[in-house]
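Copied over from Swiss-Prot, here are the features:
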TOPO_DOM  1-30  topological domain 'Cytoplasmic'
TOPO_DOM  52-67  topological domain 'Periplasmic'
TOPO_DOM  89-94  topological domain 'Cytoplasmic'
TOPO_DOM  116-119  topological domain 'Periplasmic'
TOPO_DOM  141-152  topological domain 'Cytoplasmic'
TOPO_DOM  174-184  topological domain 'Periplasmic'
TOPO_DOM  206-261  topological domain 'Cytoplasmic'
TOPO_DOM  283-301  topological domain 'Periplasmic'
TOPO_DOM  323-329  topological domain 'Cytoplasmic'
TOPO_DOM  373-398  topological domain 'Cytoplasmic'
TOPO_DOM  443-448  topological domain 'Cytoplasmic'
TRANSMEM  31-51  transmembrane segment
TRANSMEM  68-88  transmembrane segment
TRANSMEM  95-115  transmembrane segment
TRANSMEM  120-140  transmembrane segment
TRANSMEM  153-173  transmembrane segment
TRANSMEM  185-205  transmembrane segment
TRANSMEM  262-282  transmembrane segment
TRANSMEM  302-322  transmembrane segment
TRANSMEM  330-350  transmembrane segment
TRANSMEM  352-372  transmembrane segment
TRANSMEM  399-419  transmembrane segment
TRANSMEM  422-442  transmembrane segment
Amino acid sequence: MNQAQNSVGKSLDVQSFINQQPLSRYQWRVVLLCFLIVFLDGLDTAAMGFIAPALSQEWGIDRASLGPVMSAALIGMVFGALGSGPLADRFGRKGVLVGAVLVFGGFSLASAYATNVDQLLVLRFLTGLGLGAGMPNATTLLSEYTPERLKSLLVTSMFCGFNLGMAGGGFISAKMIPAYGWHSLLVIGGVLPLLLALVLMVWLPESARFLVVRNRGTDKIRKTLSPIAPQVVAEAGSFSVPEQKAVAARSVFAVIFSGTYGLGTMLLWLTYFMGLVIVYLLTSWLPTLMRDSGASMEQAAFIGALFQFGGVLSAVGVGWAMDRYNPHKVIGIFYLLAGVFAYAVGQSLGNITVLATLVLIAGMCVNGAQSAMPSLAARFYPTQGRATGVSWMLGIGRFGAILGAWSGATLLGLGWNFEQVLTALLVPAALATVGVIVKGLVSHADAT
């Protein structure tokens, strides 16, 4: 009998139980639902970058006027992420996730009917509240349903959904906007999440580890875990999470800022912040930079989509490598290469084929690294503070996204050209590399 398969009346260690079982259809369902949440999160997050050229032309506004609108959703994401983590650690992952999807779906749909910049700015901020809450809590829930041997692989695979959603926004906009206008992308990005929220209400389970830590009742925990291995769960008299003893009765903020976790938290924030500077400068402004350099609207949207699609190609490989090698070194290498290839993109404007290839590779590097960071954070923090730790990393990181979107508008306003803007990305790439490598050297905890 396996260690987790205790005799009747004995306590069942939830994580050991999950580790020892083959991945069930029930767990694959959690993977799929979290993937869909993150996919639609990515589609709505990237929407402004893709509709900006058409919106600017229709409303007769310059690029600088769109800077605050592009940043509005990112500011909302900060508040959504920072607020949702503590809520999920107190009340549960599922309810927060369903609410997040309803919020970003509803306000994305409303954004399609905005008639001026002020309306769009407010609606994009409100959309951002839901977007900011969705991703970290999907990461937390999925990480708590996955065995250690597959944790990084499955979480980074889920994050393929974010990059695929952003890329999908580019491909959809290339076809839909010329035919139906900029509103069409926002309508799609609003209706689909509202439909998904209905599915989540029925099919998404609560985290069993959360139920144990919060003492939500043996029968409820048993019902939640039974689909994985009914006989093993039926034999258990109670359920436990061993880490609970080490951090019990402490607030979530005391956990993530304690001596054990404090420095690691700061380094996670630095790394994710710098990575998002790169991602959002390119996501928000690469199509516009391409248009300014003579590319057609279709070419600009396609190359912008390639940047996101690169993350889809690399995320699974990064997760696989993290489960087998030093995860900090794996991520650090990808950030370093992101800076190198972003610089190369800036040197290749004259050849559209070479440019597209380099954009794809740059996207593979930086988006692959970014997709891996939530998995790294989820492995680092204990259950009591996991949602807060992951969501605060993503929330603080959003300031990097705001800086990236804002700096693109500022640099273009100062007259910087395509090559100069791309060269500047060497700085955040270097800082992200240093941040994650140093975290690997100083971390002494790997709470799972």
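Glycine too: its Cβ is placed from the backbone N, Cα and C atoms.
Nonlocal intrachain contacts for the transmembrane segment (95-115), taken as residues 6+ away from its ends with a CB within less than 8 angstroms of a stretch CB, comprise 37, 40-41, 44, 47, 80, 84, 87-88, 123-124, 126-134, 137-138, 141, 183-184, 186-187, 189-194, 196-197, 200-201, 204, 387.
Within the chain carrying the topological domain 'Periplasmic' (116-119), a Cβ under 8 angstroms from the stretch's Cβ atoms is held by residues 59, 61, 65-66, 68-69, all 6 or more beyond its ends. Shown for the topological domain 'Cytoplasmic' (141-152): DSSP residue counts in helix, strand and coil, namely 8 helix, 0 strand, 4 coil. For the transmembrane segment (352-372), the partner stretch with the highest count of Cβ pairs under 8 angstroms, out of 153-173, 399-419, 422-442, is 153-173.
Fewer than three CB pairs closer than 8 A are found between the transmembrane segment (422-442) and the transmembrane segment (302-322), and contact between the two stretches is not assigned (pairs 6 or more residues apart).
Counting same-chain residues at least six beyond the ends of the topological domain 'Cytoplasmic' (373-398), those with a Cβ under 8 angstroms from any Cβ of the stretch are 74-75, 77-82, 84-86, 88-89, 93, 96, 132-133, 135-137, 139-140, 143-144, 151-152, 155-156, 159, 209-210, 212-213, 241, 243-244, 246-248, 250, 252-253, 255-256, 261, 264-265, 268-269, 271-273, 275-276, 319, 322, 327-328, 331, 436, 443, 445-448.
A contact between the transmembrane segment (330-350) and the transmembrane segment (31-51) is absent, since fewer than 3 of their C-beta pairs, 6 or more residues apart, lie under 8 Å. Same-chain residues lying 6+ beyond the ends of the transmembrane segment (120-140) with a Cβ under 8 Å from its Cβ atoms: 34, 37-38, 41, 44-45, 48, 68-69, 72-85, 88, 93, 96-97, 99-108, 110-111, 114, 155, 158-159, 162, 207, 374-375, 377-378, 386-387, 390-391, 393-395, 398. Secondary structure of the topological domain 'Periplasmic' (116-119), assigned with DSSP and counted as helix (H, G, I), strand (E, B) and coil, comes to 3 helix, 0 strand, 1 coil.
Same-chain residues lying 6 or more positions outside the topological domain 'Cytoplasmic' (323-329) and placing a CB less than 8 Å from one of its CB atoms are 149-153, 372, 375-376, 379, 436-437, 439-441, 443.
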